[in-house]
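Trainee: Pasting a structure below so you can have a look.
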Amino acid sequence: MNRAPILSVDGLRVAFRSRGRQVTALRDVDFSIEAGRTLALVGESGSGKSVTSLALLGLLPPNGKVTGGRATYRSRNGATLDLAGLPAKQFRKVRGREIAMIFQEPMSSLNPLFSIGEQIGEMLKLHEDLDAAARRRRVVEMLELVEIPAAASRLDDYPHELSGGMRQRVMIALALVCAPQLLIADEPTTALDVTVQAQILDLMRRLQREMGMSILFITHDMGVVAEMADDVAVMYAGAIVEEAGVEALFARPAHPYTRGLLASIPRPDRPEGERLKAIPGAVPPLTALPPGCAFAPRCPHALPACDQPVALEAVLPAHRAACIRASEVMADA
Amino acid sequence: MLKYVLNRLFGMVVVLFLVLTITFVIVRVAPGDPAALMLGPDATPQDAAALRIELGLDQPILVQYGKFLLSAAAGDLGQSLFFHRPVLSVLAERAEPTAFLALFSLIFSIVIAVPIGIYVAYRRGGAADQGAVSAAMLAASVPSFWTGLVLQRWLASDLGWFPASGYGGPGAGFFDRMGYLILPSIVLGIVNSALILRFTRASMLDVLGEDYIRTARSKGMSEGRVVLRHALKNAAIPIVTVVGLTFALLVSGAVVTERVFNIPGMGSLVVGAVLRRDYPIIQGTLIVVAALYILINLCTDLLYLLIDKRVRY
């Protein structure tokens, strides 16, 4: 398999204007996704996961702006594009066709006034030159691919006639109908029942095998990470604090925050009476970040030196962490 | 669906019955003797009494009411006390200018307000947004007779772009007559465009924040397509509603505008009828207006069906 990254994000910075003040939401985000693999972007709410995904698609709200860094994307025809500075017109050719996205809320992410056939067909209309009959065939094929029963008869259904799980399948069909190289999935199963969640994850894995796309999977759920990811990037307060392969990260986390996250997963084999280990304190507001490591105030391993800026550096080959005590933390695991 | 329309039409009959009753009562309790007014200040009490008998005004009020309802059901709204002709034929004669005045001013306000409302919602908080919202507030708070007088003076008298008043006289052709309606339509449209603009803006603002708008953008379409196809259709129901309500309000707005521009429409007819205590004309006008109002509301509700498949009747 081709292991060259399809997307590499390098020092990405995003700021929002809020009541006249500039608030930095992403501080030097670095990660890369290899072709055909899944990178899970993990973190608590407010850590900047969704902002990262919106920045990559050029969909930041009007008060948000990329203020630095690069996001180098290798397009289907071999050209490299910097998504951090792509003009709006060129971005439209990337969205949907090269990079597609599915969202957290299948209930509200589909337009209630258009049939699902129209909504999926519109994607083809925008990016491919097909006549109406061919478009319709492709839409039916796509609905069959995402396992919607009696697909041909559901084309004229409206979103309100479908269940949450079915709507998320429709969203997936919509996102994948132009066979994008990269799928960004922003908490796609968070709003679904656990059984439906498992079905959707299965479906995404199967489609990835069949279509070969890469997935940027955004989630706060470590269980889903273990299920889906090849690689993991952990975000905290607008920066990546650790990046590694999924086994390495679960077996030997190198950043105290990752360790805390893993320790807070409920486990059935937890001894009776033992309490879940929560990370003390809360994520600092973006307007009041500590000068050095943003996690230091909550960190059990913090030293005075932690008030100096710390970069994401390799602890092992293919395992990077932003912590001055990474090797010790890792050895302790 | 058919059942729904039939139900609504039946409801309309009930409302019309209530309107008939209320107008009958209001007109009767208003002070003043129509017979004396019709005959003028020189008439003797005997003449007035004779006329009252001729008009049936001497009979018990319930008898008058019963007769009134029966003939109204048969489509006869009585004779005008002033014109001495059937009310319906007087109304029909005056309907043309009012109908076109309402129609033109509605078109004017939609053409002005909907695109601006969409644009300023999209550019929320910008200079255009603040300007449009302030302008709309100003337009809604200035009375239309004042706007009418100012525009009449400026655009008609000083610049001579439009005829200042009237309806072209007896010999005027159709387009000639319509020319007299342009300026009044603008005056009447200004107030309503303020209302439509604010509703369009608010409705678009709601919709533009929805998740499916983000989905639409993620598909790689132009902003124009996002706004005009995905957002506007969702914002349309409140806009259609307010346009329907405005259209009904236009009929009453026409009363003032027609007076200012001296247009012989239903508005000036009803003002004259009130001053002359011409009960049948007042009643007839109210009934026609009420029926129009109900029909427009029904049309609005049926339009919802076209827009939103979730609406079921």
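Including glycine, each Cβ sits where the backbone N, Cα and C put it.
Note that the structure is a prediction, hence the values are computed from the model and not measured.
From TrEMBL, here are the annotated features:
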- B:95-304: domain 'ABC transmembrane type-1' (DOMAIN)
- B:9-30: transmembrane segment (TRANSMEM)
- B:99-122: transmembrane segment (TRANSMEM)
- B:134-155: transmembrane segment (TRANSMEM)
- B:178-197: transmembrane segment (TRANSMEM)
- B:235-261: transmembrane segment (TRANSMEM)
- B:281-307: transmembrane segment (TRANSMEM)
Trainee: Could you give the residue numbers and ranges of same-chain residues that sit at least 6 residues beyond the transmembrane segment (B:134-155) on either side and whose C-beta is under 8 angstroms from one of its C-beta atoms?
Mentor: 161-162, 164-165, 183-184, 186-188, 190-191, 193-195, 197-198, 253, 256-257, 259-261
Trainee: Spell out yes or no: are there three or more C-beta pairs under 8 angstroms between the transmembrane segment (B:9-30) and the transmembrane segment (B:235-261), with each pair 6 or more apart in sequence?
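Mentor: No, these stretches are not in contact.
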Trainee: Give the nonlocal contacts of the transmembrane segment (B:281-307) in its own chain as ranges (CB under 8 Å, at least six residues past its ends).
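Mentor: For the transmembrane segment (B:281-307), the nonlocal Cβ contacts are 1, 5, 8-9, 11-12, 15-16, 19-20, 23-24, 27, 68, 72, 77-78, 80-83, 87-88, 90-91, 233, 236-237, 240-241, 243-244, 247-248, 251-252, 266, 269-270, 273-274, 313.
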Trainee: Hey, which bits of the same chain come close to the transmembrane segment (B:235-261), Cβ under 8 Å, at least six residues off its ends?
Mentor: 97-98, 101-102, 105-106, 109-110, 114, 117, 143-145, 148-149, 152, 164-166, 180, 183-184, 187-188, 191-192, 195-196, 199-200, 202-204, 206-207, 267-268, 270-271, 289, 292-293, 296-297, 299-300, 303-304, 307-308
